[in-house]
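Marked as transmembrane segment by Swiss-Prot on the basis of sequence analysis: 8-28, 40-60, 147-167, 219-239, 258-278, 280-300, 327-347, 354-374, 396-416, 552-572, 608-628, 733-753 (among others).
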Amino acid sequence: MEYIYQYFWIITFISLPVPILIGVGLLLFPTATKSLRRMWVFPSVLLLSIIMLFSTYLAIQQVNNPSIYLSIWSWTINNDFSLEFGYLVDPLTSIMLILITTVGILVLIYSDNYMSHDQGYLRFFAYMSFFNTSMVGLVTSSNLIQIYFFWELVGMCSYLLIGFWFTRPTAANACQKAFVTNRVGDFGLLLGILGFYWITGSLEFRDLFEIFNNLVYNNEVNLLFATLCAFLLFAGAIAKSAQFPLHVWLPDAMEGPTPISALIHAATMVAAGIFLGARLLPLFIVMPYIMNLIALLGIITLLLGATLAFAQKDIKRGLAYSTMSQLGYMMLALGMGSYRAALFHLITHAYSKALLFLGSGSIIHSMESIVGYSPDKSQNLVLMGGLKKHVPITKTSFLLGTLSLCGIPPLGCFWSKDEILNDSWLYSPIFAIIAFSTAGLTAFYMFRIYLLTFEGHLNLYFQTYSGKKRSSVYSISLWGREEQKWIKTKFRLLPLLTMNNNKKTSFFFKKKYLINRNVRNLRGPIITIPNPNFGTKNSFSYPHESENTMLFSMLVLGLFTLFIGIIGIPFFNQEGIQLDILTKLLTPSINLLYQNKKNLMDWDWYEFITNATYSVSIASFGILIASFLYNPGYSSLQNFNLFNSFVKGISKKLKFFEDKIINVTYDWSYNRGYIDFFYATFLIQGIRILSELIHFFDRQVIDGITNGVGISSFFVGEGIKYVGVGRISSYLLVYISYVLIFLLIYSRGVLFFL
């Protein structure tokens, strides 16, 4: 075991040769490298699999014999300063390594087929391998300087991957937005690192925690300054994990390829902020204000992310806001001091969300066979529907991930989320109510995505547009408008939601259906899609199931989603003590954080089942509401007079709710809570106005003074030149004038004092 720890540093660089060899091959042998491009997936998966095997072995050893291993190399600059590099192997490192490698391997296998037709295939795998190397280096770092170095490499990889299709303006803008937003948090992280080095004189985690805790307990540190430094450290986690108010980059980051969203923005990079918070929790836990702030930002983020997911018509953006909300749960757990619950939810959510993103990629892949490569169409929930008949395996996998994220037992996220909800009651009843309510909102928007995608009929073929007349009504989806427009046509919302989508409609009739103007350009391709099987332009193609390599990754992630919760479920050992795998693995970290370990490891089944009943009931209610609004099966109820009279009664009595509250909710959600508008209007425009004022001041005032002195000197010189004409009488006149002026001033001053 000691031998493995001794050479553990090699793990960090195992996958680094892949991007290097791809780069050298493209530079020296471009033709041969591109012709053999599909072979590069094998070394990428192989090297990452080696890291996974080592990580799994280390995790098993730590479960059997809990320990922490630290190795450091010192590079002395002078007698007063030295740089130390090393690696830290503890339970948190093992968990993150297994998470990064398992999801990374499955995403690489998935990407081999998903990106096979892309010209940037080799560039994609080079970026992905370099990103995996950076993440492995980040989680094995033994000090803050190493973390910051790999932190920046991860940010650079994120920039490259989000802007992978850099010729698209939206992708180019998205990667710039992500880069700039994360630089705000990274600048705070750097200042926090420098601040704690000034306080403690060390950046090694072991020394940093010990020295700082002693300073706090002995009241030898300025707590205000220490709190400020801790907040600056946490600012890096806020930006990287898309927490309010630095969350604005995450939905735009969906402009990258879908496998990137699954790896970076579900399982690893956004989880890096949670990792940093967990790594520095021994530092934060002695400062109650910071812990309360972390919990507050977490509760705001989880609620905000859930509400912003309501109106997203892009399937990937909806999942992005879901990620933001679930990361809020993890931040809330860290703020409450629930170290185990935060990491448990980090694990379960990573596999469930990766499954959902890969499922969405399979859906997009199948839709592109109809609409072509057009993200505005292939990712549009309004144009989907009825896909369960065409992509049954994808549908089952997506449903599994959806149920897990909703917190339905016995799937993974049920166990971890309920543990956070249980702890929230002990921390703050208000926070608990918000967290429980958000569980219902999560179930609502996730099943909204599922129902709009898989139930009913393929809306792409049911929606046509005639002429250039602009429709002012809603599309089929409640939250499906492209942009906000005031509705001039009077209609009731509930009859629209329950309209019958099951009616058989012939495409050869001239009957038209109203749809948003933004998809009017689809009328050509929809009508004239050729079908090679029938040889006619009037035959329609339909989505198809993805290739086996893509389905394999989804099936494996589905198994993880089903069974990953087992690691956090307590069982009775031979001594009758309740103990689970995760708690046993985290024993060294729990001992470091808490002295009273026994209370933390006890599991009250009665309390858990009681809270689980509440949470599952709330989630079921959210699913029921989503099914009522979006499931086409409920449209058959409109044929009953009782239901029609009920709808009419609601329309008359709750007109304000229907026309105002729902529209306000839609506007809030569709416009991203007006936060982007606030930044664009006040922050960006304010900076531009300030820069223009500075430019004006520099040109007119600063340059005006210097230029004015020069011009004044010129005119004075010119005036003196004309005075000095060589006549003594002129010189005497000027001399006498200055003397008289001096005497006049002097005499007035003397009289004033007399």
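Heads up, the Cβ atoms here are built off N, Cα and C, so glycines get one too.
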(message) So if I exclude everything within five residues of the ends of the transmembrane segment (8-28), which remaining residues of that chain have a CB under 8 angstroms from its CBs? That is, six or more out.
(response) 34, 40, 43-44, 47-48, 50-51, 54-55, 58, 69, 71, 87, 89, 97, 122-123, 125-127, 129-130, 132-133, 136-137, 140
(message) Same chain only, please: residues at least 6 beyond the ends of the transmembrane segment (354-374) with a C-beta under 8 Å from a C-beta of the stretch. Say none if there are none.
(response) 103, 106-107, 110, 114, 258-259, 261-263, 265-267, 315-316, 319, 322, 383-384, 387, 390-391, 394, 397-398, 400-402, 404-405, 453, 460, 522, 525, 529, 541-546, 550-551, 553-554, 557-558, 560-561
(request) Answer with yes or no whether the transmembrane segment (396-416) touches the transmembrane segment (147-167) by the criterion of at least three Cβ pairs under 8 A, sequence separation 6 or more. (result) no
(message) Using Cβ atoms and a strict cutoff of less than 8 Å, what residues sit near the transmembrane segment (327-347) while being 6 or more residues removed from its termini?
(response) 92, 95, 99, 237, 241-243, 270-271, 273-275, 277-278, 281, 285, 291-305, 412-413, 415-417, 419-420, 423-424, 426-427, 431, 435, 564, 567-568, 582-583, 586, 589-590, 593, 600
